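A.B. asks: As annotated in Swiss-Prot:
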- 7-201: domain 'DPCK' (DOMAIN)
- 15, 16, 17, 18, 19, 20: ATP binding site (BINDING)
């Protein structure tokens with residue numbers, strides 16, 4: 001597939017504030033393709049196949065309990081690979097279909113892929129990347145507040161991702177999220193100005 005000229009992969013570790021940045025970018029008029037929302041929908045559509053793989057222990061009131069499934073896959077790379085083998089190809093296909101439509105607008109847009117740097121070989125057509133950065137200590141604090149996970153569960157989730165520091169030299173744009181929402185909004189505004197200049201729009 002040829003390069004997606006206007007695509008910018010939006011990525012960052014768990015607890016870096018990636019979803020907040022995606023929301024702010026939408027407020028400023030940018031399109032954001034959300035890999036997680038595609039994944040959540042496909043998880044429901046492929047419930048039978050997922051239960052066949054992992055058993056009925058991941059169900060709660062007849063539906064997949066994402067916390068139970070997360071505990072299984074984040075604690076075991078083999079289990080995670082099995083889930084990814086089922087879900088990743090259709091997620092990727094849908095992302096690329098949406099991206100092709102947005103290319104026609106000749107305006108930069110974002111593809112929110114949490115594990116973009118880990119899965120970079122699957123997206124060679126995406127040449128620009130935006131990393132949302134926060135130090136690991138801050139990631140842990142935010143995850144504790146938001147997800148009520150144990151320290152063991154937090155470490156398992158962080159361990160399933162490339163260390164945030166390793167991603168820094170791979171990114172074209174880096175947005176630091178170490179302050180409050182007002183600080184982040186100002187960072188996003190500065191970023192938008194840079195992107196508009198770079199894309200001549």
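Cβ from N, Cα, C; glycine included.
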A.B. asks: Around the ATP site formed by 15, 16, 17, 18, 19, 20, list the extra residues of the same chain whose Cβ is within 8 Å of the site's Cβ centroid.
C.D. replies: 12, 21, 132, 134, 142, 177
A.B. asks: Quick one: average pLDDT across the domain 'DPCK' (7-201), no decimals.
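C.D. replies: Overall, the domain 'DPCK' (7-201) comes to a mean pLDDT of 92.
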A.B. asks: Please name the residue among the binding-site residues 16, 19, 20 whose C-beta has the most neighbouring C-beta atoms within 10 angstroms.
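C.D. replies: When each Cβ's neighbours within 10 Å are tallied, 16 tops the list.
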A.B. asks: Would you count the other C-beta atoms found within 10 angstroms of the C-beta of residue 18 (ATP binding site) for me?
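C.D. replies: Summing over all protein chains shown, residue 18 (ATP binding site) has 23 other Cβ atoms within 10 Å.
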A.B. asks: What is the total of other Cβ atoms whose distance to the Cβ of residue 17 (ATP binding site) is within 10 Å?
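C.D. replies: A 10 Å sphere around the Cβ of residue 17 (ATP binding site) contains 23 other Cβ atoms.
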A.B. asks: Around the C-beta of residue 15 (ATP binding site), how many further C-beta atoms are within 10 angstroms, looking at every protein chain?
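C.D. replies: Cβ-Cβ neighbours of residue 15 (ATP binding site) within 10 Å number 24.
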